[in-house]
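Undergrad: I grabbed these lines from TrEMBL:
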- 12-31: transmembrane segment (TRANSMEM)
- 46-65: transmembrane segment (TRANSMEM)
- 72-96: transmembrane segment (TRANSMEM)
- 236-255: transmembrane segment (TRANSMEM)
Amino acid sequence: MVECSNNLVGILNFFTFLLSVPILSAGIWLGKNAATECERFLDKPIVVLGIFLMFVSIAGLVGACCRVSCLLWLYLFAMFLLILLGFCFTIFAFVVTNRGAGEVLSDRGYKEYRVGDYSNWLQKRVSNVKNWDRIRSCLVYSNVCSTFSSRYASVTVNEFYKTNLNALQSGCCKPSNDCNFTYVSPTNWTKTTGPYTNEDCNVWDNKPGTLCYNCQACKAGLLDNLRNSWKRVAEVNIVFLVFLIIVYSVGCCAFRNNRKRRWR
C-alpha cells in the first residue's frame, strides 16, 4: 500500500510535469511573437499556469518518490488551494451565468441581445471602455463579420431574415431590427431617417472596421457567448474537481505513509 500510493502520486506528477512544459513554452512564445492585443492578453495567464503546474508536479514527484515529507506537504497544500479555487470558480460561474438569453423576433431566424439581460458582473466587463477597446480589436482581428459577410453574400433579404445567426453575428455584424434599415448585403445597409428608438442605430456604420462593433447589441452578443462558454467550463470543472479530490486523497495517503515509515 505504501509503495502503491507513492508510486501513483509519482506517476501522476510525472505526466503533469510533461504537460507543464508545452504550456509554459506556448505562453513564452505567445509573449514574444503575439501580433495583436488579443494574443498578448493570453500570454501571462498561460505562463503562470505553466509555472504553477511545473513547480507543483516537481514537489509531488520528488516528495513521493524520494519520500521527502516537506515537499509532499507543500504539494498537498497547493492541491488543496487548487481544489478550493476550482470549487469557488464553479459556484461563481454558475451564479454569473444564471441570467441572460436572446430575444426571439417574429419572422426572424435569429435572436437579438440586450446587455441588461445579463448579470451585473458580466455587464461591468463590457461597460469599461479600456476592456471593450481590447475586446473590440480582438473581434475585428478574428474576422467574425468578414467571414459572416462572405458566407451570406448571395442571399436575398428574405433568406437573410430566416438565417440562424450566432450571438456575435447578430449583435456585431448587422444593425438592430429596431432600426428598420434597408438590406443591401449582410454587412451593408441603407440607413433610414431618424430619430431612432435604439441608440445602436446611430452607431451603425457600413465600414468593415466599424459595423456595429461599438453597439450595445455587440456587447450583449459577446456576453451571451461568455455565458454559454462559462457554463460549459463550469460543468467540465466539476469532473476536474472530482479528479483532483481523488489525486489529493492518494497524496494524503502517501504523506501519511511517509510519516509512518519515518517513525518506524
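Quick reminder: no glycine exception, Cβ is built from N, Cα and C everywhere.
Automated prediction, rather than curation, is the source of TrEMBL annotations.
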Undergrad: Can you work out which residues elsewhere in the same chain, 6+ from the ends of the transmembrane segment (46-65), have a Cβ less than 8 Å from its Cβ atoms?
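TA: Same-chain contacts beyond the flanks: 6-7, 9-10, 12-14, 16-17, 19-21, 23-28, 30-31, 71-75, 78-79, 82, 251, 254-255, 258.
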Undergrad: What residues elsewhere in the chain lie close to the transmembrane segment (236-255), defined as a C-beta under 8 angstroms and at least 6 residues from its ends?
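TA: Contacts of the transmembrane segment (236-255) (Cβ under 8 Å, skipping residues fewer than 6 from its ends): 1, 5-6, 8-9, 12, 60, 63-64, 69, 72-73, 75-76, 79-80, 82-83, 86-87, 89-90, 93.
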Undergrad: Who are the long-range neighbours of the transmembrane segment (12-31) in its own chain, taking Cβ under 8 Å and residues 6 or more past its ends?
TA: 39-40, 42-51, 53-54, 56-58, 60-61, 64, 75, 247, 250
Undergrad: Using Cβ atoms and a strict cutoff of less than 8 Å, what residues sit near the transmembrane segment (72-96) while being 6 or more residues removed from its termini?
TA: 9, 13, 52, 55-56, 59-60, 63-64, 119, 121-122, 230-231, 233-234, 237-238, 240-241, 244-245, 247-248, 251-252, 254-255, 258
